[in-house]
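K.L.:
Before I ask anything, let me first share the structure, which is written out below as structure tokens.
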Amino acid sequence: MFAYFWPKFDTHEIRILDDAKVENVRLTDRFNSRQHIIGTLYLTSTHLIFIDPEGKRETWILHSLISSVDKLPTTQHGCPLRVRTKHFLSAEFTIPKERDCADLYATLNQLKPDSYEKLYCFLYQAPNYLEKIWDPFLLTTEYMRMGVPNVDWKIEDGNSNFDMCDTYPPLIYVPTLTTKAMLFGSSKFRSRGRLPVLTYLHPNGASITRCSQPLSGFSARCQEDEQLLQCILKTNPHSNTMYIIDTRPRINAVANRAAGKGYENEGYYSNIQFKFCPIENIHIMRNSLQKLLETCEMKNPTMNQYLNALDNSSWLQHIKSVLDAAIFIARAIEIEKKNVLVHCSDGWDRTAQCCSLSSLLLCPYYRSIHGFRMLIEKEWLSFGHKFSDRCGHTTTSDSKEQSPIFLQFIESVWQLSQIYPTAFEFNERFLISLHDHSHSCQYGDFVGNCEKDRLDLCVKERTYSFWNYILQNVNDFKNPLFCPQSSYASEVLLPVINPQTLKFWLSMYHRFDSALLPKENISNTLTRLVDHTLSLSDHARLLEKRIRELHSIFDNDRTKIPTTTSSSTTTTTTTSNEDVDDSDIEKGNHHKKISLSELDSGLSEAELCQTRIIDSISLKSNTILQPLPTLSSSDVESGFSGDYSPHGKTPLSSFTLPHQSSIDTNDIPTIERIALELNSIALDWRSYHTPVHCACSLPFDSAQRKYNCWKCGENFCARCIERGIHLPGLYSNSSAPVCKTCARSIKSSPSFADFSALVKSKSTEFIRNQTAMKLSRSMIDQFNDDR
Ligand SMILES: [Zn+2]
Ligand SMILES: [Zn+2]
């Protein structure tokens, strides 16, 4: 039997125990059985790790992401074991000895958690920068953002002990005209007690409400339920009728009648327009994903075979049906100004998909990272999507309950982001991470089947939050094409989905097959360009400052000599709060002053004079650098020049100097300091598409961000990057991502100690201001801004 060991996260130091590893394991390429690499397989309590020391490759597989382990027929090389994961990795390991293979197979199966308490989130030790802090999500705040409660809608606390419905949140929002008796009566008439409640209120007064199917059978009726629907209808002054959308195929809804469930009888509910928007059930969706994944595993298919297999999976057909239903709801709200009540069977799968997607189309706020979080918290977490059952978090959940409902939602959002590339603040990596962590159980957010489960498990006290992880790494998840000013980013989206509109999501389902992925990802390339430009502009600001300081000395010296130039005395002296005033560290550091002959900045007096004029004009626009979707002449002015060549002409001016008019000869930087500054910034950055693996051997897949080290310019993965390093060559308070080797070399440099002492003192003040800003930014303020 394998003993297992605990790895140290975010480090390379893996303590290897002899009985937890198998050597000479062959990892075979899934498309080409002749291609393989030989390495060692390690088993830890949390991961299965394959390391090929020669080829420098590592594959880490989190146990909670493993979906199946299969023993394949023995070959001449040993016993193959195929490990498939919920994030679409399929790895075939051939173990030389049959006994080792049997042991590994048994242990991997044993490691699957058989209770909530054994889930990864209760063991996970996050890196130091992440704390067990949960940014509070308050349902009341999200409803206040929508202007609720108001004259038509009120908060109802009848579910505070989960008496009405144990899969709903404690507080629900219902029409003001309703009574408790009406609500309790309706909840008894609805499957699982999931009565109609408000989920989205549009500025035009039309609303989306959600519930489960009525227990109507062939003829049963419920007066309270009928009254509740009439109250919902009356909240909207613009329409005398409302829609009830049943998101099941009609035949399924009819079949449910035989079981005493079904759908609303139009004869009993007045002024109702009933409509089916057919989306298949969880079992058909599970089979469809299975067929899609089989298509992805086809070895050397012909075009026909591939297209037929993709078609037979019906995956894109199902995505289209989900999007069509959501678009129908959005049109009913925006164009017809009618209230819509949505349900399926229990109202936690198709209903969650349709309500969240239609809200996303209707409200631009939900297309921001913060807003999207609110959408997930509200529609998926608060209203009880069964994450643990649908994702199969523990072995106790029924395998027939598993279904890719959340994945379909994520993919539908991705398809929309392909139609409207500038409308979403988040990128593809964000969506992939969200999907993966709904399965990984690394964070406590998606554990359990409803709010009550998470309260019982005390996840907020015991685990880390996925949203905190996103917040701490938010730049990794931003879409560089997002343009908040564009009409698509600020208006209701009502696309028409044709079959030709939908794409196969290569970087989700083939993310580990680098040979199949595009060689260059435009979004990543843009992010890299924005970062590179930021580093160069910031460095240029510092160089400008140095040149001016030296020039001032030159001028001071000249005052002793009659001179004809006078530009140096006509300076602008605007200062920016963000600028690092590094005169302090230079004090007492003046043992080696620069002589006048070393001061030649290479700029003529006229150029310097021009620089100062540009400074005074462009100071504002350069203080905060924003990612820009397109380049224009004004962009060139603001430093986003089309000339990204590190050897190209650095744009003149991005700031004015705090001390340029009164420079003290004691404030002059030393040669060592200037050398440190110049050497701390890479002018050339390696392009993203070159390396497939990080230097640490970890493969880059589409869910992993590649970072350029700002000092050496090479590509690294997240675990090889050190954050929080303030580079001497930058003229700002912000820290930059630096590889661990560069971080060591910078820290060991003699001038760095002085520099970091200064930055620390400046940063403390800066962070204090930032924290104060964060704390004071209440959700309400943000809501007001977003409106
Ligand atoms: Zn580096
Ligand atoms: Zn790495």
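A Cβ is built for glycine as well, from the same backbone N, Cα and C atoms used for every other residue.
Sharing the feature lines straight out of TrEMBL:
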{"type": "DOMAIN", "residues": "133-509", "note": "domain 'Myotubularin phosphatase'"}
{"type": "BINDING", "residues": "N281, I282, C344, S345, D346, G347, W348, D349, R350", "note": "substrate binding site"}
{"type": "ACT_SITE", "residues": "C344", "note": "active site, phosphocysteine intermediate"}
{"type": "REGION", "residues": "558-586", "note": "region 'Disordered'"}
{"type": "COMPBIAS", "residues": "563-576", "note": "compositional bias 'Low complexity'"}
{"type": "DOMAIN", "residues": "696-747", "note": "domain 'FYVE-type'"}
K.L.:
Once the DSSP letters are reduced so that anything not helix or strand counts as coil, what is R350 (substrate binding site)?
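P.N.:
DSSP call for R350 (substrate binding site): helix.
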K.L.:
Taking the Cβ of W348 (substrate binding site) as the centre, count every other Cβ atom within 10 Å, in any protein chain shown.
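P.N.:
There are 24 of them.
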K.L.:
Counting only residues 6+ away in sequence within the same chain, which have a CB under 8 Å from the CB of N281 (substrate binding site)?
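P.N.:
The list for N281 (substrate binding site) reads R248, N252, S345, given in order along the sequence.
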K.L.:
What is the number of residues in the domain 'FYVE-type' (696-747) that are helix, strand and coil, as DSSP sees it?
P.N.:
11 helix, 14 strand, 27 coil
K.L.:
Which has the fewest other Cβ atoms within 10 Å: C344, D346, the binding-site residues listed?
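P.N.:
Among the binding-site residues C344, D346, the lowest count of other Cβ atoms within 10 Å belongs to D346.
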K.L.:
Looking at the domain 'Myotubularin phosphatase' (133-509) alone, can you tell me the average pLDDT?
P.N.:
96
K.L.:
Let me know how many other Cβ atoms fall within 10 Å of the Cβ of R350 (substrate binding site).
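P.N.:
A 10 Å sphere around the Cβ of R350 (substrate binding site) contains 29 other Cβ atoms.
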